[in-house]
Every structure is written in C-alpha cells, then in structure tokens.
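TrEMBL has this to say about the protein:
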- 1-354: domain 'K+ potassium transporter integral membrane' (DOMAIN)
- 366-619: domain 'K+ potassium transporter C-terminal' (DOMAIN)
- 32-49: transmembrane segment (TRANSMEM)
- 56-80: transmembrane segment (TRANSMEM)
- 106-125: transmembrane segment (TRANSMEM)
- 137-157: transmembrane segment (TRANSMEM)
- 177-204: transmembrane segment (TRANSMEM)
- 225-247: transmembrane segment (TRANSMEM)
- 259-281: transmembrane segment (TRANSMEM)
- 288-309: transmembrane segment (TRANSMEM)
- 315-332: transmembrane segment (TRANSMEM)
- 352-372: transmembrane segment (TRANSMEM)
Amino acid sequence: MVIGDGVFTPAISVLSAISGLKDPASGGIPDGWVVFIACVVLVGLFALQHRGTHRVAFMFAPIVVVWLLSIGSIGIYNIIRWNPRICLALSPHFVVKFFKITGKDGWLSLGGVLLAMTGTEAMFADLGHFTAASIRLAFVGAIYPCLVLQYMGQAAYLSRHTSHVEDSFYQSVPRPLFWPVFVIATLAAVVGSQSIISATFSIVKQCLSLGCFPRVKVVHTSRWIRGQIYIPEINWILMVLCLAVTLGFRDTTVIGNAYGLACITVMFVTTWLMALVIIFVWQKNILLALLFVVVFGSIEGVYLSASVIKVPQGGWAPIALAFVFMLVMYVWHYGTRRKYLFDLQNKVSMKWILTLGPSLGIVRVPGIGLIYTELVTGVPSIFSHFVTNLPAFHQVLVFVCVKSVPVPYVPADERYLIGRIGPREYRMYRCIVRYGYKDVQKDDENFENHLVMSIAKFIQMEAEEATSSGSYESSEGRMAVIHTQDTTGTGLVMRNSNEEAAGTSLTRSSRSETLRSLQSIYEQESGGLSRRRRVRFDIAEEERIDPQVRDELADLLDAKEAGVTYIIGHSYVKARKNSNFLKTFAIDYAYSFLRKNCRGPAVALHIPHISLVEVGMIYYV
C-alpha cells in the first residue's frame, strides 16, 4: 500500500491542481487537455528526481507557507461573505446530528471525508530531516488551522451554490485571484508529490537493507544531508504507474477512491505496528498498547469500512498494486532465505580444513583474498568448491560478510568485527561489516586500508590478551569490534605511497608488469578509482612487538602489497526435483527472473571489476 500511496498521491495531486483549467475563468479547456498537461507535469517531476531535492529544497518551505496562507485566507473570505454561521459546524453536536439524519449515506460519505485529511500525512515523511517537535508545531500551528478554515469556507460557499459541488475549490476562489492560486496550487501539488516520492525511496531502501526487496541501485543525492536518496528503477516504475493511473481513470473522483483506500490502509496498518513498538521497543504495558489500538484503530476502522465499499469504483487499483509488490517481495525473500539455509547446512567443517594443513593442500600465493559470504560463522561451501578446482589460493584469506542490522545507523567506528578462523599459521580471518537499514553503502575507497588496519589491531589485541593469560593460543571463533578511527595499537604506520620512490614501492609487490599495466589503464578509465588515495603500511620500528606477531603482521603487509582479490559466488538457485509446483515456479522462474534483472551482488557491494573473481555454483534448495 505504501507503493500505492506513492503512485496515487502524485496522480491525484497534480490532476486536481491542473483541473482548475476547466474553470470558465481560465477559458474552460477540454478534459483531454487537462489530462495531457497533468501527464507532462508528472513526467517532468519524475525526470528531475535524479538531481535530488537539495537543489530546489530551499523553495519548498516558501511554497507551502504561501499555499497554506492562501487557502486559509480564502476560507476566511468565503466564511464571512457567504455564511458566517458555518462556524457552528465545529461543534461535535452537529456530527452526531449529521449521522442521525443521513444514516447509511452518512457512513458512505466518510470515504469522501477521508480525502479532506489525506495528504497531510506526507509531512511525516520529513521525519528524517526534521525533529518530531517541529513537525507537531507546524501541524498544530499552521497546517490544521488553515485546512479547517479552507474546508469551512468551501462549505459556506456550497451552502449558497449547491450546483458547484464538482469543483468547489476553484469556484470559491475570487476571480481576480484565480491564476495566482492556480500557480501556487500546482507548485504545492508538486512539492507534496515530491515528499511522497522521497518517502517511497526511503522505504524501498529499508526493505532492500533487510533483504525483503530485490537489489536496486541507490544513489545518495546529497553530500551533506544523510537520507536523501534516489532509486532509478523505482522512480521510473512509479512514473509509468502514475501515467497509467492518470490516463486510465482520467477522473479525480475514481482516483480519489483508490487514493483514499491506500492512505487509510497505511494508517490502519501503522496503528497496529505502533502497538508493537509500544510493547517491544518502549517496553510499556500491553494494556496501554491495547488502549491505543482501540482508540485510534476504531476511528480508522470506520473510515476503512467506508473506503472498502469503493473498491469497484477504483479502489481495486491499490489492492492490485499491493498484491503484485507483496508477491515480488515474498518471492525474493523466500529464495534468498532458502539460499542462505543451503549455505548454513553445507558449511565446510573445520576438521576438513585442519587436515589440509596451513597450506590448505594447495599453493599459497602472495596477496589477500576477500571471500564474500552471507555466513557470519563457519566457512561457506563455495570455499571448498574453489579449493578443489584451483591449485592455488592467496596467502591471506579474509571471509567478508556484509550484514544489515535492525538499527537505523551503525557508527563508522563500530562497523567492523574481526575474528580468526583456524590456527594462527593458517592466516585466515573473518570480517563482518555492519550497516544499519538507513545507512547508504557507498563505494568506500578506504575499505581495503580499514580492513588491513582492523586485522592488524585484532592481531595485537589477541597477542596482548594471550600475554596476560600466559598462553599464546589463537582465539578461534572470537569476534571483536575494531574501532577504525583509532589507529593506535595496530603496530603499523600508514604512509602515502607517493612519498616513496617508485622502485621501492614495487619491490615488495609480486604483481607482474602486465597486471600493473592493466590496473593503471582501468584506474584511468574509472574516474572514481583514479582519485583513490594510495597508501602503504610499514611495521612500527619503535614499538616492542612479539616476534610471532611481527611475522604475522609482515605476512599481512606483504599480502597487501601483492594485491587484493575479491572472490564472490555466482550462484544459480534451482528447486529440487521432488519439489511441488508452487516451489518450482517460485524458485526456477520467479526468483530466477528477479535475480537476472536486478543488480548483481558484485555491483551492489561496490567491488572493483578489475579485482573480481566469480565462482559459479548451483544451489539445489
């Protein structure tokens, strides 16, 4: 339903604003031209999303303020001119009287009354940019009073002009103010649509981080404001759906039915989710959560029941959209989960690795091999697949696991967890890189340097603990949070490689002239990589370091100078032959289609193509 809100909000907002051109004061253009102009505005709105909102955000607040003051002033004008007694409608007595007189028709009208409050929830999409107190103050002090005055003014106008009910807003605007109000209404519709589109991007990004949505490209559009993102695939899908809704329905009443159902469903679901927050996050009494659901859920339930009646008149559209996107998310999550369980159940036993010896039964060549896996413990089956098919592997192996944790942000200084796999002489480590579901995983040019520094610091910490305990045994299975901002205690000194002589820097590298030439060409063609800071590490001579620790650090630095290779599995997921039809269809067709048409893991993890090695493997789940 959130996607539906992102589709119907721009469609009805822009079409309603442009429909003012049908007013006789503007010349009364035909409906077809109104729809065409609305589509042009929608295309322009979505086409500019890739530039981000920070370039034009300074205009949003003035537009909204002028819009609120305009509708509030027009509302006061209509109240005074047409029917001042409309102010009595603020009394709850008339609400009860209204339902007594109208009965079932009054209940059905709640579906239309709902549209008077929808749209105001868009401001809560700005919770990522403003505090909750500022949003409450803006709502209570400006938005709510102006909306009430405007709707009271329209009611006062309709009490004298009942035939103008189809377009009461523009009809109630004084004729000299028509064009200024039309312009500001269109701009306000664009601003409101922009807020919902940005909120849709944010929600999809969070679903992506939690593994509930196919991998898509996430672009961070602002260097200074965290949370302003742009997702191209979602942007164009929303645009196509908005145009389809606008061209298909061509009527604000039908779109309003769909829009109202989408909004009230989101509100109703949010109320139930808020009850879970009260119980599990705030740790409050369950009776308080139940009271919250009863009070707010009952009110929203009445509006929801009135909106459900409108399903045949356009309300089916958000339900269909919700079903399609829910099916996509379920298939993706199901396939990803089955693949993870396969890895979990087919881990390489440590006993098998120990029988291979420190050389792993193959030639250990200089360099660092970063093996990407979804497992936080154990060795993935892809490692044995690689070892048994290739005669050589890297001198230092690091199993890297990138995980999204259920918190909004993870501080950069607490992002890395480092551990050891097997005995010390195996030179095998584990690194867990943690991101929050609101963190944007950017192409971090210092990842390799941070990784080397973190492993060096872990080696030093392990040695210090072993010295204090009197035993120099490796702590297999233990993970430690390494603070990357604090470089003390690593035993290493970081230097800019440009300060070193070219011959000196190449003597420790085992890479061939051909490989170095290819690397240079690739960096020249890749503008982002060409700006990377080149550094080299040396063991601090002034520090007293245990000989075994010094040897391990020396091996680590030799491997770093030789080069870093990223190893990732190129998996093919297939359903077992004895699987039922639904599972076979979900895995072999639906999940396979999503994997082929979404971003690959190497791109999503920002792995340099020149250093990438993909290992093919079939998963029978």
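Each residue, glycine too, has its Cβ placed from N, Cα and C.
Note that TrEMBL annotation is computational and uncurated.
Quantities reported herein were computed from a predicted structural model and do not represent experimental measurements.
Through the fold, the transmembrane segment (137-157) approaches residues 65, 68-69, 71-72, 74-79, 81-84, 86-87, 89-90, 116, 120, 123, 164, 168-169, 171-172 of its own chain, all at least 6 residues removed from its boundaries and within a Cβ separation under 8 Å. Taking residue pairs at least 6 apart in sequence, the transmembrane segment (288-309) and the transmembrane segment (225-247) share fewer than three C-beta contacts under 8 angstroms. Regional average pLDDT for the domain 'K+ potassium transporter C-terminal' (366-619) in the model is 76.
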